[in-house]
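Student: The structure under discussion is supplied below as structure tokens; questions concerning it will follow.
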Amino acid sequence: MPPKKAAPSKADLAKKQKVVEDKTFGLKNKNKSKNVQKYVQSLHQAVQPKPDPTKTAAKKKKEEEKAREKELNDLFKVAVSQPKVPVGVDPKSIVCEFFKVGQCQKGFKCKFSHDLNVQRKGEKIDIYTDKRDAETMEDWDQETLEKVVASKGAEYQQNKPTDIVCKYFLDAVEKKQYGWFWVCPNGGKDCHYRHALPPGYVLKSQMKALLEEESEKIAIEDEIEDQRKKVKTTTPMTTDLFMEWKRKKAEEREAGLAALRAERAKNDRMSGRELFMADSSVFVDDAEAYDVYERQEESEANEEPSNKNQDEGPSSSTSNGKEVEESDDEDINIDDDLDIDELNELEASLSRTSIQIREPGEGTSS
């Protein structure tokens, strides 16, 4: 096949257009004479590129199809009508009727849904509740209320409330025929039997599946044996092996605790219990710890009144005598509490110390 000719560029078209203008320049009656107009048109046609016949045919065919679709739309538009949207219902839950036949021109601006599966995505029917239970006096008008009051006596005798489940309802559920548009053969909504499964009710189809599942289950003993057979290295379990394993586990546990205690002791983070368990001798009090503390406390208590007596002077001699007697009694009581070693130490200290008693008048006379 010969190569296709390249499309003329704009520069070439401009040159040819200029040639046409040069040839038609100065012609008289260019706009009036038919012969001159034919000549000018022939020049223009010679300059302009010839259109592709295939593209022209495709464009013509496309225009014919659009005209045909427009004609069909005009014919079918009369028969298609959008449904009325009830109060409180989302329009997007209703499929657009024009979209079903491919005639909706609004696109995403259409208030109706363009999803054909929107009806399947709705709420599933509940087979464990009776739809008639939701009908209350709040939904009745005056006429309905009067009819109910007029026929209540006879209706109660005919349709007594019962908890028996309708056999037609059970049959429809078992055969998977129950749905939003199912009507009870026993009078429809007037059927006085329950159209709801009792709590915990298991259908026969479900029961069959459960029985098959239970039959396929393996007993625990058999499963243990199967798992035991899968183990390649088997060692018979005996009492000695078990005790050895238990001892190793205890040693590992003790080693772990010892390492943890050592780490905590290294970081000075041991608790009192851990310190006591590590070395209980640290927490033993000295034999004289309590007695020394008691003696110091009593000596401090005796020093305070003596200081007060020195500040008061000789006028309080009688009171001083009483305090001295009381202090002597306390010393006697303290001595009663001392043991033999402490008494020996006290006697030795007193023998090394020379006690000088000076009367108040002796200092002045000398």
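From the backbone N, Cα and C atoms, a Cβ is placed for every residue, glycine too.
Positions annotated as region 'Disordered' by Swiss-Prot: 43-66, 293-338. Residues or ranges marked as coiled coil by Swiss-Prot: 54-79, 208-234. Per Swiss-Prot, the feature zinc finger maps to 90-117, 160-198; the stated evidence is sequence analysis. For 325-338, the entry in Swiss-Prot reads compositional bias 'Acidic residues'.
Describe the structural context of each listed feature in the structure shown, including burial, neighbouring residues and relevant distances.
Tutor: The average pLDDT computed for the coiled coil (54-79) is 81.
Secondary structure counts, DSSP: the zinc finger (160-198) has 11 helix, 2 strand, 26 coil.
Within the chain carrying the coiled coil (208-234), a Cβ under 8 angstroms from the stretch's Cβ atoms is held by residues 202, all 6 or more beyond its ends.
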Student: Could you put numbers on the helix, strand and coil content of the zinc finger (90-117), residue by residue per DSSP?
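Tutor: Per-class counts: 10 helix, 2 strand, 16 coil.
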Student: With DSSP as the reference, give the number of residues of the region 'Disordered' (43-66) in helix, strand and coil.
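Tutor: Split by secondary structure, the region 'Disordered' (43-66) comes out as 19 helix, 0 strand, 5 coil.
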